[in-house]
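Here is what TrEMBL says about this protein:
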- 40-64: transmembrane segment (TRANSMEM)
- 76-99: transmembrane segment (TRANSMEM)
- 111-129: transmembrane segment (TRANSMEM)
- 136-158: transmembrane segment (TRANSMEM)
- 178-196: transmembrane segment (TRANSMEM)
- 203-222: transmembrane segment (TRANSMEM)
- 256-449: domain 'Major facilitator superfamily (MFS) profile' (DOMAIN)
- 257-281: transmembrane segment (TRANSMEM)
- 293-313: transmembrane segment (TRANSMEM)
- 325-343: transmembrane segment (TRANSMEM)
- 350-367: transmembrane segment (TRANSMEM)
- 387-412: transmembrane segment (TRANSMEM)
- 424-443: transmembrane segment (TRANSMEM)
Amino acid sequence: MPTPLRQAPSPNIDEETTLLHSPLDDPYATSKPIQSLPQLLSTFSFCFANGLLLCTYFIITLPLESARISEDLKSLYLGCFIAIAGLTQLMCPIIGMLSDVCTHRWGRRRPFMVLGGFFGCTFLSLQLYASVNEIWSLYSFAFALSMMSLNTIFSSMVGMVPDLIDESQVGAANGVQAVLSVTGGLFGFGFFYFVLDKQIQDLYLLYIFLVAFTIFLTVLSAEEQPIPSNNPKMFHRLPLAEVKKSYYLTPKEHGDFFWVTLSRTFYYMGISAQTFFLYFLKDIIKLSDPAAGVSILSSVAQCSAAMSAYPVGLYSDQLNRGRKMFIYVSCFILAVGNASFLFCRNLTSVIIISGLIGMGNGGYLSMDSALAVDCLPNKAESAKYLGIWGVASFIGTALGPMIGGPLLYFAGKTDIPGNYSIEGYALLLSMSVVYFIIAALVLRKVKTD
């Protein structure tokens with residue numbers, strides 16, 4: 001069992017102030033037990049549900065729901081949904097701070113995962129009801145709250161890596177998370193196409209089941225030790241000044257972690273072009289069933305990502321890190337792949353490029369999170385900082401479609417309602433290439449490797 005993370009504060013000192021401000025030695029400096037592969041898979045099993053949900057959400061569910069709202073304005077509605085998802089990420093640093101100082105008897109992270117799981121399943125159920133009855137204002141409200149719940153789970157879970165994983169296993173652990181995420185996406189696309197027969201509303205039932213089941217596995221598997229406390233509780237008061245500081249990153253104060261976070265933002269701005277891929281298959285590749293096409297392509301990409309993610313993480317540990325090199329290669333593959341889509345006019349060529357892009361994504365996802373853990377300014381506040389790092393992904397995921405949606409609409413609009421021209425997609429994909437290049441260039445500022 002891991003050693004307790006902190007010593008009990010002195011009874012004559014305010015406990016909440018001590019937890020937030022005490023100049024303790026690094027509680028993670030001691031080595032931790034080596035985790036077996038089954039332990040890693042079980043502890044981080046929510047990554048499977050998270051990968052399935054987010055991949056199918058942004059590539060199938062939201063594009064199809066947006067088209068149900070308005071065929072002509074679907075790209076704008078889709079951009080709005082992605083923006084909502086991005087805004088909800090602003091809560092991640094606060095959840096991270098709360099879990100960092102949580103003294104609940106279940107440990108620091110698991111109580112917040114259970115709470116997020118309960119509300120996540122509740123609001124996903126409300127989304128299903130609103131979708132069936134086409135109550136789009138209620139759907140948008142439930143979507144925002146379900147995203148907040150899922151962010152609560154994820155913000156808590158990422159703190160488990162520095163809490164429970166020895167430094168010699170950081171790459172492998174993040175490789176496991178990446179594999180779970182991409183195989184979750186692969187399972188979701190396959191399940192949607194082959195089992196659900198492309199019935200979008202049945203996807204919500206799958207979301208609810210997997211969120212509940214994977215959190216149950218994590219609660220059973222994660223060997224968290226609670227912070228010793230005279231008054232164990234889940235929520236501690238957070239000083240307003242601390243909350244404000246949790247949204248503040250500078251290269252001077254936070255060093256390499258700032259540049260890793262900024263690079264991640266541009267990466268997700270680039271990858272967000274995939275949100276519009278269902279429309280690309282219909283308008284440019286001329287598929288009669290673009291939903292089936294995007295399921296096949298995404299499955300190919302996820303398989304490729306799964307094959308590259310864990311080996312890259314494991315190999316980087318054996319190299320004694322070397323994370324940046326893999327990210328440079330990944331960004332190059334992603335930039336070339338997205339540019340190549342512009343020359344595709346049949347499904348075969350799109351499948352080949354999707355497989356190539358999947359390998360780049362798998363390597364990036366594995367190394368990005370490992371590098372973030374390597375560069376943490378303070379491992380005692382790991383969930384707070386990784387919450388900020390998580391915000392970067394959704395800022396990128398939100399900004400990409402917020403910029404790309406209007407560009408596609410105005411540059412690619414044709415006389416056919418809901419149809420976009422190659423000029424619009426050329427502008428959209430060219431922006432993605434630029435974002436990937438910037439993501440790689442920013443990472444050159446990082447001294448940690």
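Cβ atoms are placed via backbone N, Cα and C, with glycine included.
Bear in mind that TrEMBL entries carry predicted annotations, made automatically and left uncurated.
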Inset, instruction - Between the transmembrane segment (111-129) and the stretches 76-99, 293-313, 350-367, work out which stretch tops the count of Cβ pairs under 8 Å. - result: 76-99
Inset, instruction - Determine whether the transmembrane segment (424-443) and the transmembrane segment (325-343) share at least three Cβ pairs under 8 Å, counting only pairs 6 or more apart in sequence. - result: yes
Inset, instruction - Would you report the average pLDDT that the model assigns to the domain 'Major facilitator superfamily (MFS) profile' (256-449)? - result: 86
Inset, instruction - Would you kindly list the residues that approach the transmembrane segment (40-64) from elsewhere in its chain, counting only those six or more residues past its ends and only Cβ-Cβ distances under 8 Å? - result: 74, 78, 81-82, 85, 113, 150, 153-154, 157, 160, 164, 172-173, 176-178, 180-185, 187-189, 192, 200, 203, 206-207, 210-211, 213-215, 217-218, 220-222, 272, 274-279, 291, 294-295, 298, 302, 397
Inset, instruction - Go through the chain and flag residues at least 6 beyond the ends of the transmembrane segment (136-158) whose CB is under 8 A from any CB in it; none is fine as an answer. - result: 44, 46-47, 50, 53, 65, 69, 81, 84-85, 87-89, 91-93, 95-96, 99, 108-110, 112-113, 115-117, 119-120, 122-124, 126-127, 129-130, 211, 215, 218, 369, 382-383, 386-387, 389-390
Inset, instruction - Mind checking which residues of the chain, 6+ beyond the ends of the transmembrane segment (178-196), have their Cβ under 8 Å from one of its Cβ atoms? - result: 41, 44-45, 47-56, 59-60, 202-203, 206, 210, 292, 294-296, 298-299, 302-303, 305-306, 309-310, 313, 358, 361-362, 365-366, 369
